[in-house]
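Straight from TrEMBL, the features:
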- SER64, ASN114, GLU160, ASN167, TYR191, TYR239, VAL257: substrate binding site (BINDING)
Amino acid sequence: MTMLGPILAQIAEEMAALPESGVSADYILELARIDPDQFAIAVVTADGQTFTAGLSDTAFTIQSVSKVFALALSLGHVGDALWQRVGVEPSGQRFDSILQLEQERGRPRNPFINAGAIVVTDTLLDGCVPREALGGMLRFVREAAEDDSILIDPAVAKSEIATGARNFALAHYMKSHGNLVHAPELVLGTYFHQCAIEMNVVQLARAGRFLASLPDVPQLVSPERVRRINALMVTCGHYDGSGDFAFRVGLPGKSGVGGGILAIAPGRASIAVWSPGLNVYGNSLRGTVALERLAALTGWSVFG
Ligand SMILES: NC(=O)CC[C@H](N)C(=O)O
């Protein structure tokens, strides 16, 4: 799409002029001190072109966007057996809620809330130590992005361990129901490091190409699994804000509390946005508005 350059420039300008930018995540100290007004967007299209606007060189931790890559990897390891331990329904609750876990006997609603992602990471530790599991995860995203420079930010992982009491509560609760095989400390150590994978928007958009089924990119997952991951991104990718995101944007998407969002226009483009200020659901405020504008200006909504 030839007009994409000017469209992205226009969106970046509009985002800078928005009266509000939201608040950076406050429960992870390393994220709390990041300026919430920053903004970047990158779009990789089916013909292999990359378009950007804003701070497209600035790296951020992908946080919960990593749940998409972890899910793809886990399905490769354990296949559909995963769905015995994790559901495929939206939770309608905050990303770190413990509420449904007791009612549903330690089986998380879906793989994109924290509890579900912790189970997914547990499966990645079968037969290996955390270092190896993280190595496998990094290899996967590097291969997806065709970029070996992608790394983990250890300071953010460490900072999250320091304030991770809620995630420890979720892990221990699931362990009590037999839905965690490995020790909570090992699973969460791995999970926090996977959340601290650092990328800029170009790297993230490239890493998402396999989900958009773009031609001539590494196809790391079968078409059937790509379809299902996209379905879960629509229904669960933004926690209790998933309905709002589908309504406003109309693309499969996954957000992270670092302010990144990966959005997929199937067959057309892989899109990454970043703006650290969050809305009430804990999803990037300007990132969501930017995607809403992009979908409106391109007509890329999957709902026509
Ligand atoms: N929404 C998110 O991005 C949450 C990820 C974050 N690492 C956490 O576990 O709290």
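Cβ from N, Cα, C; glycine included.
In the vicinity of ligand 1, defined as a Cβ distance under 6 Å, the following of the binding-site residues SER64, ASN114, ASN167, TYR191, VAL257 are placed: SER64, ASN114, ASN167, VAL257. Of the listed binding-site residues, namely SER64, ASN167, the sparsest Cβ surroundings within 10 Å are found at ASN167. Those residues noted as binding substrate (SER64, ASN114, GLU160, ASN167, TYR191, TYR239, VAL257) have their most widely separated CA atoms at a distance of 20 Å.
Listed binding-site residues: TYR191, TYR239; maximum Cβ neighbour count within 10 Å falls on TYR191. Counting every protein chain shown, the number of other Cβ atoms lying within 10 Å of the Cβ of ASN114 (substrate binding site) is 24. VAL257 (substrate binding site) falls outside any helix or strand according to DSSP and counts as coil.
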